[in-house]
Amino acid sequence: MEKALTLVYIIPQKFQKKRLNDIKLSMVKKKIPNASILGPDVTHIVSESDSYEQVLRFVEEADIPEEAEIVSTRWLVECLQQSKIVLVLEVHRLKKIKADNVISPKTTTDQNYEWACQRGARLEHFNKKFTVDLELLQTHAEFCNEMHSQSRALAFRRASCVLKTLLFPLTHIKQLDGVKYIGGHVRKVISDLLDLGSSPEVEEIKFSDWFRKMKLFTSIFGVGPATAKSWIEKGWKSIEDVRNAGHPSKDWRIVWGLAFHEDLTTPVSRQEADRFMDILQCEAQNILPGTIITLTGGFRRGKSNGHDIDILITHPTDGAELGILSKLLDVLDKKDIILSGQRMKNTFSTEALNEESRSMHGKFDHFEKWFGICKFPKAFQHPTTPSGCQSSKEDSTEVKDNKNSSTHSDPLGLPFMETQLTRNSNNLSVPLVSVKTDLKHRSNVKNKSYISNTCVYEGEGEPHVPSTKKFKHEDCSEKEVVEMARPQTDWLARRVDLIVTPYSQYYYALVGWTGSKHFNRDTRLYAQQVLNLRLTSHGLYDMKKQEALQATCEEDVFRHLNLTYRDPMDRNC
């Protein structure tokens, strides 16, 4: 055996610890020299990696002896099997990857744009193992809330968004050369994931007790990072610790969020959302024929479940929607669907636009809305379950949908007549009665809608102020709320947001409430920085000219922004 002529150095990265130890023990038994460091006498460098370029990320190229062979583990295994140093063949050598062989975004897709709104990002993509860890780093940075932590969080989100647009699985770091928003920190994390299978930074955070507690406490409805940190400082480690401490809170969300934590952290299914939508649509038709109800948020982007249900409400005649929210809530309360919630009046004004134009961190919008917690019968989770609505003979609207209308027993204990709806490609529940009004409105909207000091409305009338009537469970004490949350057998608590918008602002609201959050953020920055326009969920405005650009469909919104239209499924950045 050529002991004096052979010295093997094993690069430890990518080896499982036990496997590496076993190999070294075998080398001792077979009398194959093993170097503890990479020095000038090393003749063979062994790596579990599959490319020369990856080896260079583990060791400095200058440290590699000029005549040293860089080989795969296969060569060393053959040496051990034959109890001698075998000849290095081409099959053993690690290959140098030529630039021409590296798949890059430039040669496979034209998605390497600066703005997220210019790229399509779907729920299903090739690089989830990278985006999951980058988004964990984003969450950690948001929790820290220190100097520069928000910019770090944004950097991780932007990088994740870019990876979602790649039309191939990432296998080599060089594939990201020249790609926007892949900075040094992100490259290091991705390189670790490629070379080691995991990122030490990510693994440290995953197993951090502080991060685990922050994730747990911020999962409570109404609890943000500041409150979560204060609870950790008190020594609380679990939901039960908070409950047992009798933590008093003036925030109704935390009271109900603590009591119903298990329900509210159980994902809401699309099936449940559709059942609730059917109830809402039917009742809306009883109140105001022609009302349009739209399921937005993650469900509209193709998600099969979510943490809440966001629903947009409008009517083809601007101003007709005023007052419908209070009436809908009254009906839901009578059906014992509402547990608790908060109503907000429409506060839109041109002054609000000017204030928000100084910062991208202003309020999301100024629509009249209600956000709260509702009872969903567990039967909602089954597709054959009727939804529950009793239509009045005078006001009900029947929409043909290849189904037969039939009377069912409401899972909440009330008989109802199932209302048939047509659902278009944008997941809008649109009653056919609204079609003619819709077209008529579209021809007149440019001339009739205008901005008042408090809201946008059409024709004569005053802005609507929500009713102050209290609901059945609204004045429950904390003790009563806790008692109500005792394990139920037939219903779950679910978070619901109801947003009312004038039809003249509807399609901008639809884009805004569809999301994603990062898609909205980048679209608004793009409008401001590239087009010098102000985009909100209320409209697109030229602040200098004090003009609003009208939209009669989502495509109009994208057209006004000089953007290619993106289907909701492509807005998952």
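Cβ atoms are placed via backbone N, Cα and C, with glycine included.
Positions annotated as domain 'BRCT' by TrEMBL: 41-86. For Asp308, Asp310, Asp497, the entry in TrEMBL reads Mg(2+) binding site. The region 'Disordered' feature in TrEMBL is assigned to 384-413. Positions annotated as compositional bias 'Basic and acidic residues' by TrEMBL: 392-403.
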DSSP three-state assignment for Asp310 (Mg(2+) binding site): strand
Within the predicted model, mean pLDDT of the domain 'BRCT' (41-86): 87
C-beta crowding around Asp310 (Mg(2+) binding site), within 10 angstroms: 23
8 Å Cβ shell about Asp308, Asp310, Asp497 centroid, Mg(2+) site members excluded: Thr296, Gly297, Ile309, Ile311, Phe371, Arg495, Val496
Chain-internal residues, separated by at least six, CB under 8 A from Asp497 (Mg(2+) binding site): Asp308, Ile309, Asp310, Ile311, Lys369, Trp370, Phe371
Count of other CB atoms lying within 10 Å of the CB belonging to Asp308 (Mg(2+) binding site): 17
